[in-house]
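Enquirer: I grabbed these lines from TrEMBL:
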- 8-331: domain 'FAD/NAD(P)-binding' (DOMAIN)
- 55, 148, 149, 150, 316: FAD binding site (BINDING)
- 185, 186, 187, 188, 189, 190, 191, 192, 276: NAD(+) binding site (BINDING)
- 362-464: domain 'Pyridine nucleotide-disulphide oxidoreductase dimerisation' (DOMAIN)
- 456: active site, proton acceptor (ACT_SITE)
């Protein structure tokens, strides 16, 4: 490629979900666009090492749980030993299909694609080191979208490096699974991986630093999930401080930790470190472009605009929430706003992110999901709200399913009774929550939700009970 021709309206750094969304949107806006991606494989975190492969493994675990609980439903079935080699083979086949499709999208000619690592040399110029070892390239652009994603963070824990551990990336290709594992962390990734391991019959211990699982979520959801996990045989320790990690004389991995004024220790064949992720900005030389970072994250406005006005960001690299559908929305808005900027449109016309409908889903058993504000946030913000919940163990369809653990909860404005948030811990929570997303999108009241017909018997009709209670309050 002739370096003198490497000038674009928009350069997108990163070809994952946020980056691809930015590129396709930029093309629709008429911008000459390039995507620069330095990863080993095209596809991004969600497809290659996140949402899709983890849910593929979890689905195998879920099927195994159904088999081992079949006797409750009058069925005779022997679960047998899960074939983890076949589980991983299925995951690889599916992810290959997903990633091939994304690679085709990135290479279909709508925009240029450069496989290489980019760094800023000034606010309008990138130096790109091609993955094939070719000569350095110079890419100039009028605007940029940083969408470089995140990578696994491993904190400094005494003895952890020496003892050894696996990460969620390793689990996704782990054909030979140990019989016992200690999971460090109590967030979504940690708990989904713990669920997978337990679901295929392994002994699991979870060690969480905070006093509750799922920090930031309402404690009643987290505690209900913990009770369910413990009922399935997991050990869960919250409110801990790890003191030492070491290998025993028998070759087991041992963790000693403080827990509620006691010193405890647990042993397992393996340790999974799932203690969060960090933004991929270390290689960018963001300071050369005048882009402010906060703990490595690109600081953005609601218009996903960085401190350098023509540089935008999307996805895990900026947050504030590391969720793929928000990364896509940020990428779309970044490209749209870049086009507006280049046309000279006023900033007042820029599209803004609205996190009112922030949505979470955790694919454990039971699942957990939420949208909007929770009780903790309502209290912090001083909002006057009405909160009502209803348990699955008093709901006909969930009783028929044999999935009675958990509840649904609605939060509404105390005066107008507009629905401000909802949450579920229970069966199909990640599907059920979308009814509340739709209601909130149209700013429905609890009374309006209660009057919507729901077929009987269905799981979704459970929402009508807390909605009616709020409407009648």
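Glycine is treated like the rest: Cβ placed from N, Cα and C.
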Enquirer: Expressed to the nearest Å, what is the distance separating residue 148 (FAD binding site) and residue 189 (NAD(+) binding site) at their Cα atoms?
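Expert: About 20 Å separates the two Cα atoms.
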Enquirer: Which numbers of helix, strand and coil residues does DSSP report for the domain 'Pyridine nucleotide-disulphide oxidoreductase dimerisation' (362-464)?
Expert: 39 helix, 31 strand, 33 coil
Enquirer: Which has the fewest other CB atoms in a 10 Å radius around its CB: 149, 185, 187, 276, the listed binding-site residues?
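Expert: Fewest other Cβ atoms within 10 Å, among the binding-site residues 149, 185, 187, 276, is found for 276.
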Enquirer: Rounded to whole angstrom, what's the largest C-alpha distance between any two of 55, 148, 149, 150, 316, listed as binding FAD?
Expert: 23
Enquirer: Let me make sure I understand the structure: which of the binding-site residues listed (189, 191) has the fewest other Cβ atoms within 10 A of its Cβ?
Expert: 189
Enquirer: Between the recorded positions 55, 456, where is the Cβ count within 10 Å the lowest?
Expert: 456
Enquirer: Given the binding-site residues 187, 189, 191, 276, find the one whose Cα is closest in space to the Cα of residue 149 (FAD binding site).
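Expert: So, spelling it out, the nearest of the binding-site residues is 276.
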Enquirer: Measure the Cβ-based neighbour count of residue 150 (FAD binding site), defined as the other Cβ atoms within 10 Å of its Cβ.
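Expert: Result for residue 150 (FAD binding site): 21 other Cβ atoms within 10 Å.
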Enquirer: Considering Cα atoms only, can you say which of 55, 150, 316, 456 is the nearest neighbour of residue 189 (NAD(+) binding site) among these recorded positions?
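Expert: Comparing Cα positions, the candidate nearest residue 189 (NAD(+) binding site) turns out to be 55.
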